[in-house]
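Below is one structure; the comments refer to it alone.
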Amino acid sequence: MEATKQWLSNYFPCYTLNVSGGVVNPTERLPVAQTVFLSLQHVLAMFGSTVVGPLLMGFNPNTALFFSGIGTILFFICTGGRVPSYVGSSFAFIGVVNSATGFKYVPGGPGNPNVPLASGGILVAGAIYFAVASIVMLAGHHWIDYIMPPVVTGAVVVAIGLNLAGAALAQASASGFDAWMSFTTVIAVALITMYAPGPLRRLPILLGGITGYLVHLILGYCGVGPGIDFTAVKNSKWFGMPPTHAPVFEGSAISLIAPVAVVLIVENTGHVKAVGAMTGHSLDKYMGRAFLGDAIATMVSAACGSTGVTTYAENIGVMSITKIFSTQTFLFAAVVAIILGVIPGFGAIIQTIPSGVFGGLSIILFGLIAVTGARIWVTSNVDFSRPRNLITAGVSVVLGCGMVNGLVVSFGVVKIDGIGCSTLSAIILYQILREDWGDIFRSLVGKSKEGKGANPVMMVADSPKGDSDLPISTSRRDSSDAEEMELERLSSIDIKRTQ
């Protein structure tokens, strides 16, 4: 028992009180009153996306809120309270879930009748994610950076945002009135982002959505546009557990949804590195545990008929403004989300959001996702003068943008949609188009000959110098060949330095 207590005291942080008013590190805490206030701010920051995402897929928003809270607690446990983050509904699943289930969102309409089918695919994605997390915990995280460098991750994120753009425009243009309401919502979000006082600038999606909703409600009462139907709100209970569904596993749905695990890895990697950069202390050593927490949260959520989850950039944005990184605040935020999840009337109100308002919010959210991918390229100084980067990003983005409205690549029961094709093409092309294949081949040949007991003098060197290091009598090259090999050697070294 004593050993267990000692292990727990070392695994979880022993929070120290910080009243200096400066930066609050992950293992520090604020006074209780300030912690509660900050946790509510984190709930507000994640709220818009955590609710919008499930609605677009036809999932119950209360269920999504409830399991985002559960998932955040699981993430906290897996990371030992060392990585400050909130996990909420992932937008990466929207396109694939709608393709797999044939669902199209209609404000106030019925939910997705094929939620169990989608949950089965999401659960498999979580299991793949779990397997990758286990490998990272055993072998380290550096191979993730090798397979998915910034040009790949940026291309995938851009493709996700643009793949969903058509759905946003369809909602925004359902009618002429909806188009105007969409415009109003977009302007409201933009003005709040730029001119709202203090911390309100961190809540543009929530406040912009409320503004659009109130304008629509007022115009509806004035007879200028259609009113909002509150029948479902009147008939709903105010307390009760959110609905759950057992997952159903079907081959084609799994093949569409499961590849999103790669996107979750990309998102989580970027978020862990971003928080580490903001705190001034690298969190890369917790990468495997962060993957594990996100994977388990996704599997638990899917097993109960809810969406896949991911670490949230919105909450990272709050931390960047407040400079408060205490992981304790996310436990408080998780409890608030769980409480909101057991209030059905709250979910009924959310489902009354009109199409125009929803479309405006979607335009903003999906646009921000696409631009975030481009920001990855800029901040990572991706060199697009190199054909390898140019072709990788170009092909990936075009596939993500063009493969919409149910267009998939099929191999029997296996189906891959635009986001899946975009992700796989980026990963494969980047490796195929390596400039140093010659060096790799020479290295492999050299090791093969060494294994057979060949004379080391006759081997191809493992270093970038290649054949030019061989004696003239052995290589039998003339002077022009020697010059050509020297140029090749210098070129190879320069390529390696620019990678």
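Cβ coordinates come from backbone N, Cα and C, glycine included.
As recorded in TrEMBL:
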COMPBIAS  487-499  compositional bias 'Basic and acidic residues'
REGION    455-499  region 'Disordered'
TRANSMEM  63-79  transmembrane segment
TRANSMEM  86-106  transmembrane segment
TRANSMEM  118-139  transmembrane segment
TRANSMEM  151-173  transmembrane segment
TRANSMEM  179-198  transmembrane segment
TRANSMEM  205-228  transmembrane segment
TRANSMEM  248-266  transmembrane segment
TRANSMEM  329-350  transmembrane segment
TRANSMEM  356-378  transmembrane segment
TRANSMEM  390-414  transmembrane segment
Are the transmembrane segment (86-106) and the transmembrane segment (118-139) near each other by the rule of at least 3 C-beta pairs under 8 angstroms (pairs 6 or more apart)?
-> yes
In the same chain, residues at least 6 away from the ends of the transmembrane segment (63-79) whose Cβ sits under 8 Å of its Cβ atoms read 46, 50-51, 53-54, 85-89, 242-244, 286, 289-290, 292-294, 296-298, 300-301, 304-307, 309, 311, 327, 330-331, 333-338, 340-342, 347
If one takes Cβ-Cβ under 8 Å and requires six or more residues beyond its ends, the residues near the transmembrane segment (248-266) are 90, 92-93, 96-97, 99-101, 116-126, 128-129, 132, 144, 148, 152-153, 156-157, 160, 291, 294-295, 298, 308, 310, 408, 413-417, 419-420, 423-424, 427
Most Cβ pairs under 8 Å to the transmembrane segment (151-173), of 86-106, 356-378, 390-414, goes to 356-378
